[in-house]
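According to TrEMBL, the protein carries these features:
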COMPBIAS  1589-1602  compositional bias 'Low complexity'
DOMAIN    23-97  domain 'NUP210 Ig-like'
DOMAIN    106-206  domain 'NUP210 Ig-like'
DOMAIN    216-310  domain 'NUP210 Ig-like'
DOMAIN    320-398  domain 'NUP210 fourth Ig-like'
DOMAIN    503-588  domain 'NUP210 Ig-like'
DOMAIN    605-699  domain 'NUP210 Ig-like'
DOMAIN    842-913  domain 'NUP210 Ig-like'
DOMAIN    1103-1218  domain 'NUP210 Ig-like'
DOMAIN    1312-1363  domain 'NUP210 Ig-like'
DOMAIN    1365-1438  domain 'NUP210 Ig-like'
REGION    1567-1610  region 'Disordered'
TRANSMEM  1507-1529  transmembrane segment
Amino acid sequence: MCSEHKVFGTQCVQNTTVFGTLFQYQLEVSHPEGGCFNWRSTRPGVVTVEPINPNSRGCSDKAIITSKSKHPEEQTAVIFAEEPASGVTLSCGVTVDVMTSIEITTTTKVLFVDAAPARMIVEAFNKEGDRFSSLGDIPFDWHFTFGEGRPLRIVPFGQSKYDAPSGIEELEREKKKGFVVLVEGIHTGDAQLTAKFLDPEFANIEGNTIELLVIANVLLVPSNDLYVPLHSIIQYGAVIVKQDSTQPISLPSAEYSLQLSNTSICSLDQKTSKVYAMALGTTEITLIDSNMKTKHGLKPQSSRISVVEPDAIQFSIDRGGLWYLQKGLDYRINVKLTDMLGNIMFIPDNAKFETQIPTAYFEVLESSKNGTYFYVKAKKSGKTILKSKFVSILDQRGYEQRIKTSVDGEQELQISDPITVDPPQLVFPYHQKERYQYPLKAFGGTGLYQWSSSDRSIAMVEESRGIVHSGELGETSVEVNDVYNPAHTAQSKVLVIEPTQVHFGPTPVEAEIGTELVVNVQLMGRDSRGNLVPFTDCRHVNFRYAVDDLSIFTVNTAAQQRIPEENRGCTTVTLKAVSSGDTKVKVWFGSQTAVLDISAYPPLKLTASSDLLMMLGAGKSVSFEGGPRPWLLDSSGYFNDIKSNDNKQTSVNLQGNSFNVYCSENSGEATVVVAVGNRKSTTNSLPAVARSKIRICCSVPTRLSLTTKPKSSQNLPPCPAFAHSIHFNIPSLLELSGFGKCSNDQETEERIFDSISSLNVDFSTVQKKLLNIESIPVEATEPSKIPSRAVPKGLPGTVDIDAKTHDFFTLGNTQSKKHHKIPTGELSTRLSLNLVDFAKADPDTIVLWNEKNVRGKVIVNGGSGHFWFDNDEIRQVVQATLHSHPKDSIAHIELAPITQGLTKLTLYDLCIDGNKLQIGIKVTDINRINIKATDMVELGTQIPLKIFVLDVENQPFPLEDVKLMNLALSSSSEFVKLQKTDLLNYEVRGLKVGTSVITASARSSTGKIIKSAPHQIQVFEPLSLEPRVVTLIPESVFQLQILGGPQSLPSLKFSLNNTAVAKVADNGLITSTTTLGYSSITAAVTNRDVPITKDTVVLKVVSMTGVKILVTTTTVQEGEIVFARVQGVADDETPFSFGGAEYPLNVTWKLSAEDVLNFTSPLTELVEEPIPNRFGVQLLANRGGRVTLHATVTVHPKSKKHFQSKATEFSDSIQITVEPSLKLTHPEILPKSILMTTDTSLDLSVNRPQKNVVYSTELNKTPLIWLTGENKETLQSGNQEGNAALKISYISTAHNETTVVPVEIIPVNSIHLSADLPALPISTRNLEFLPQGIWIRLVVTFRDGRGRPFHATNTQLRYRPHRIWIRLVVTFRDGRGRPFHATNTQLRYRPHRFDLTEIIAGDSNRTFSVHLKQAGETVFKVWDASDPRKSAFIRLPVAELPPPEDVENVTETAIKECAKPETTKIFVVDQDRAITSREYFEFETKPTKPTGFFDSLANFFDKYQQLILALLVVCLSAILLFSGFRLGLLTANQTRPPTYMSPIQQDGMEGSFGYWRTLSKPLVTSTPIEPITRTPGRKSPRKNIEEQSSLNFSGRSSGSSGEPFLWSTQDSFKAGSPVVNRLYRS
């Protein structure tokens, strides 16, 4: 048994099994090799261990173990290998056991004739079947059992080329065989091979026998499976494979023949052994061996032939198969054919391919006839493409069969130049610490290389960059491979040797002063053959350098050493030329030294420009100096030379260190070269020659220029340029210049001529009264100017001075001056000379912010334009910089502050004598910042904002200064966005509605932050008017709803484009006239008469053409409600159009059967609406039947144009069906359903303890409804309509109950409005209006198509009234008039005018509390936000109550007085009878007279009111418990009336407020001990109500101290209310 055992994860030995009394086996530590281990055995009596080849310490990494067991049974031991140095201990388990069986194993039982022998190995096993590790040198008996002949033999290892295992060689020397033998086939046949132990002690172990077969190794050619195209011809053959060769077999023969499995696919010609592909498919060809016995079950040689359609062509190439080739190499290219599955097809010789091998890139050396093989040589680098096409194939009969489908292919390839390496050899000095690096450069190939070194210890190379790093002593080579084809290589030899000599290589020895002289140093060494070789790089060698005269040259030790070019050395030393002279430089390497003479010289300089432009015939003198000095070792070679490349064009005269150059009379150019230096000598191999070139262009000016030349003033700089202005009383020099360009430089700009001395010029002027011209001779030192003098005569003005010339003379010939005409004709110019006064500054004073980056600017106008000032006079306060622009007659001074203060700057005109001016300068700091902008902006628009930064004198700083002040603008919120126009100007854009505070800040020169006052800007919603289109009949009112705009909203200005049809009040109330037509209404909010927001709607004033009745449903369920209204024929002629008419329409409603339907008032039974403006009615379904509802609308006699065509009456009718609700008649049960809309929730509760109730929707098959909430007590509908069921289970210990409630998910059909009025103190008669000043509550109801109300909806409502607080209720109903229990309808609402009512919406716009503030009519509308066609209107008529007809059962009750003894009145009402509000306030009580005690008490209370108040409340509460006083009439129910600290008296009504009067300001009440209860004379008792109202102190009635105090209360009145006592609390 063998298993691997690892210790520390790195080293291991093996477990092994041995046997017998004496057996050896070798153990070895596998990793690492060469370790030093001490070996020991745990049971030496069983296994001993001895190290193999131990060292001096007796340790080794190998050992031999020997079995010593004397007992024929399994025994184990452990061998340990210990390494003392590392502390590593390894172990190996060894088992000694007895063999019980053997078995012959081999890799094959079929051997080939004359083939390599096969190994036969014996393996031994114990009784458990475990295999022994080795049988060592135990001898075995091997023998054959033959049938016919002797086809096999055993070959000894000594006679073969194979190595024998351990122990076998010794046995063979003793003529014995071991556990392994070699068996070789001689000829075909079979035999049995048997092996058994030779020693008698193993006689009890049986031998083992195997059968072997010997056959001839015959191969079918081709032997692989073939894929061939149709009509292919394949030549088959066979060969016999022998041990060292192959022998062909002639087919057919008596022993071998071929056979096809399917002759319908291919046919076989037995004579020629050719196979013909006839049809698509697969067959198999078999090589039949007649000598092979079938009993052995061996399959003969065969291969498959698949006839397939070709699909594509591929190319292959030798030399690695890569398509990156090298020029000059030969290649073999093959064309391959593939089928649709990618199989490589066999290409027969009868196939024909058209293959294109580019002859420009390849030389074809050899090719196949069918065009599939090419032997080529690459001859040109570049990229090209190989192309091939399978065109045809010759069939069996010799006919050409064209390939029907296109089978082609192509291959891109790249041919590169051979790779070369530069340099081919590198030589480095050996250095233990410093390693050299040198970049090798490769050329050729594809350009991507990979580098490698043959010996990395001598030289290592970076794989991708080719940088060589030197190493140990020796020689090696560095190879570079092309990345795309590693077969393309080149080499560079690398030597690392010891240096032996040093000297200076070929090097320059002269340098110009100020430049560096780089001297080449060469180090030499000897290679392995003793040859002296120069080093490539020796920059790390520690050389020493010295210069004899350091005043001439110095050693630049900081300069980087370089490798000289052209193998002139291996390092450099850099010297700096300091002064002119000769000296020596020395270099030392160890004991070796070298000396070199060196020289420094001044630079060669010319006094003239290197490009001279000269007039024909003109001359110019040029001098030169400097250049190399005569070489100290050989001065004979020193020279200076002046040469012209065209002596006909120019003439040159050398005169010492200067020369004169002259132009001829012809145009042209020449080059004059000045050369100074030494010629090459043995001591100066690289001499320095200084050259300077001058290009001489002889030409004619294209134009002349005449300018002024001012005088230089003492203590001032000279006039810096030529000016065109002179003072009108000061003479000035004039200078004439020529401008042009060389005739050959057509594209260059013109420039001034360097010499025009040959011109003959005439100066003149016409304005001789202002100025005279005087001629002056030309100066030889300035031949580019021809001078003259202008003499002004003291008058200002403008003078034109003319200069003309038409000939020139040559100066080269000094003996005679010959005149010539200018080839281009006459040249002339004119100077307009301004005779001016002195300059002036603007501004003459300037203010600067005291910050270092601030710049001020002063403009200087007039004068010559050339100025100067003394900066020392002002530098303590300010720094000034002058910028002149003489051509523009302007200059400016840039000022930079230094410190705060005042100074003056004196400016001098350099070109006009005596002209100076002074400029005052002040440096200051920031005082404050102002923001200028409007205080409001419309959402989405923008307004301008401007910032002013002011100094201490409130003067604004210029923008240039502000740029440096870190000016910042910030907003306190995200309501606005600040968009910068420039630094001081912004655009403020409104982003969100709200108020934002904007603050500007800037940094003063001291670093202090200066902030502006906060500037508030309100962002408001855009003004919006609703509705967008208003339709009215003549003489009607309607109020626009105003949304958005600034808060608080300023007064609006309304305008109409057609004022004939209507007028609009400031509150948006529209009053139509009797003129029909259209008009736009525009409302605008202005700020300082500038509109900041506006909106426009359309008004239509129309006459009605008819009426129609709209009902909420035409089929209603018994007991439900139908609402009907009339409106115009047009859809926009709603009650809003005529509900506010000054002369209302009279609407009469009639029913054909009032027992089926009857009219009910939506304003409760107390209000009976009259026919004027009764546009809507509410109908109650009593029983089943069909009813016709008829409405007649007549116009008011005073109205005009309400109806068209002078009609006075319109009518309409509609049928309504009343159906009984669905119910069971037996038993008679009326089921009630929960009505809901989709996506709605409804909270559930029952008349049982909620904790014992369980709701469930499990009865439903589809998820129309489900339960939500923590306790699952909220019913939620989905987005689908339908019927569902809600199961309610009540579980208790006494009994359980279950009921199922139907749930209908249907759409809302209609919206209903109903009013809930308070208890009104009025008589029993019905009213035609609602009392002014009361509150009502409007309720919205949603109903379905049968009039049933919904229990839950999700509708969003909107509302609007036409004009008391009342309560309006909205109801949603279905198509049968049934109210919904839950809807999700979103409602909207509005009145037709807003000035008569005050509306508070609640319950998601389902209920409305309406305060009826003023008399008049209000039309109120509610509609579905998602479907405005679902709407409801209600009419709210309001008027003051009429006087009472009678008053009964009114008594007076005294009021407990605790305050000042003043007479006061309070009124109370009979609890058994309702009276009007006016009656309520006209009854009096008679209070008791006050006493003096109360006067004193009041004074005391005024002084100590805070303390007294608390005591009085306690005291009065106790008194009330025992006194039994009552306020009001006594009833069966006992009450505790409140006590008042001051009598109060009603003092009239103002809108919804009641004003009360008291003569003492303090006022407190005590709350009744029990609620005040009232049971009116009705059968059903009312609940107990305690009503309270707050009193508000309103001051004295007229402001005088003697007048009573006024209090107000918002007291409400409810019809039928049991409340009579009201508690008034301060």
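These residue numbers are counts, starting from 1, taken along the chain as shown.
Cβ atoms are placed via backbone N, Cα and C, with glycine included.
At the 8 Å Cβ threshold, with sequence separation of at least 6, the domain 'NUP210 Ig-like' (1103-1218) comes into contact with the domain 'NUP210 Ig-like' (1365-1438) through 3 or more pairs. When each of the listed stretches 23-97, 605-699, 842-913, 1365-1438 is scored by C-beta pairs under 8 angstroms to the domain 'NUP210 Ig-like' (503-588), 605-699 comes out highest. Note: the stretches the domain 'NUP210 fourth Ig-like' (320-398) and the domain 'NUP210 Ig-like' (842-913) are not in contact (fewer than 3 CB pairs below 8 A, sequence gap of 6 or more). This prediction places the mean pLDDT of the domain 'NUP210 Ig-like' (23-97) at 87. Using DSSP to sort the residues of the domain 'NUP210 Ig-like' (23-97) gives these counts of helix, strand and coil: 0 helix, 42 strand, 33 coil.
The domain 'NUP210 Ig-like' (503-588): residue composition by secondary structure is 0 helix, 41 strand, 45 coil, according to DSSP. Summarised by DSSP class, the composition of the domain 'NUP210 Ig-like' (842-913) is 6 helix, 40 strand, 26 coil. Taking H, G and I as helix, E and B as strand and the rest as coil, DSSP gives the domain 'NUP210 fourth Ig-like' (320-398) the counts 0 helix, 46 strand, 33 coil.
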